[in-house]
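Enquirer: Structure below; questions to follow.
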Amino acid sequence: MIGTPYTEGARRAMLLGCGELGKEVAIELQRLGVEVIGVDRYANAPAMQVAHRSHVINMLDANALRAVIELEKPHLVIPEIEAIATQTLVDMEAEGVNIIPTARATKLTMDREGIRRLAAETLGLPTSPYFFCDTETEFNQAISEIGVPCVVKPVMSSSGKGQSVIRDIALSHKAWQYAQEGGRAGGGRVIVEGFIPFDYEITLLTISAVNGIHFCAPIGHRQEDGDYRESWQPQAMSDEVLAKSQAIASKVVEALGGYGLFGVELFVKGHEVYFSEVSPRPHDTGLVTLISQDLSEFALHVRAIQGLPIPNIHQHGPSASAVILAEGTSSNIRYQGIAAALEAVNTQLRLFAKPDIDGRRRLGVALARDIDIDSAVSKALDSASKVKVIF
């Protein structure tokens, strides 16, 4: 049963993290009559602008996190970012609070070590070779064993922060320092991974719902500086590779438990598929589903977490997204060229309405459909290029 917002019978959902992905989740929740409470570390975050009300707290402060959950008494607590006091969520789940998809899934996936050990050591899934390192001495030893090229990432980071590829061992110290600066909790543990010369990488959006496991068509994407720049759907792949990808994703999602949409990242090399990472929530590369599917990844997530069925997922055809990226410093961001960006048929824009910028920041995304993937990507890039960010 779903009541009406602001009434005694309302179903309340709390978003922990109010960025652009959380904003779309908030909109989908409201479409089903759910009262939405946004929580983040800064005011006027995108999802806060569409939530019924919001709170600003330090998300890593266990006491502050507990206090806001106890104050609002939400029926659903939906983590939308990794930088949260996850042990508090584990404790509160044991007290009866409904954490989406589960507190264990949130805690395991908040750092790369938990999910990599689950995938490789518990589930026996194929991954790149890896070492976890606490000191630069361990780091150098790991590089010597894995060899170059290799990939270095903080165990806790997002959007490519602190991530680099070492192609020359002489640059290892620089990579160590960069990883220490890029972690969400400051300096600390890193993962060194063998570099897989993959043919392509995909995100397989996998939904655990009341009526079973469902998959969206695979999403291909291009990364730059550890962050996505374009994504497209469907990614062309053989039936054999798709079946292997779905089998890996199913194992990971079932091991994590709970209902919801999971973004499973995979590398494909020839006929082999390697597990990379997973997010127990909508994925940034999945923004393409806002134009490519009848039910976006956000709509699917909101259905699943409320125990609602997913009878089918319709994919409209070759589609793409291209990021609108800006760099600068401002608290008065404006946009020009919107009309030009929307001139072509089957194009859409999402401007995230982020309140400020200090450095490089993703401020929106252009979406497009066309007769084939190359045309869709080209159209999305052209649309994105016409949006001018004014400071």
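Keep in mind that glycine also has a Cβ here, set from the backbone N, Cα and C atoms.
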Enquirer: Given that Swiss-Prot annotates Glu20, Leu21, Glu80, Lys354, Arg361, Arg362 as binding N(1)-(5-phospho-beta-D-ribosyl)glycinamide, state which candidate in Asp111, Asp134, Asp284, Asp294 belongs to that site as well.
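Expert: So the N(1)-(5-phospho-beta-D-ribosyl)glycinamide site in Swiss-Prot includes Glu20, Leu21, Glu80, Lys354, Arg361, Arg362 plus, from the candidates Asp111, Asp134, Asp284, Asp294, Asp284.
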Enquirer: Counting Cβ atoms within 10 Å across all protein chains shown, which of the binding-site residues Glu20, Glu80, Glu193, Glu201, Asp284 comes out on top?
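Expert: When each Cβ's neighbours within 10 Å are tallied, Glu80 leads.
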Enquirer: Check each residue in the chain of Phe195 (ATP binding site) that is at least six apart in sequence and keep those whose C-beta is under 8 Å from its C-beta; list them in sequence order.
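Expert: Sequence-distant Cβ neighbours: Ser128, Val148, Pro149, Cys150, Val151, Val165.
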Enquirer: In three-state terms from DSSP, label Glu265 (Mg(2+) binding site) for me.
Expert: strand
Enquirer: Tell me, roughly as an integer, the mean pLDDT over the domain 'ATP-grasp' (117-306).
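Expert: The average pLDDT of the model in the domain 'ATP-grasp' (117-306) works out to 94.
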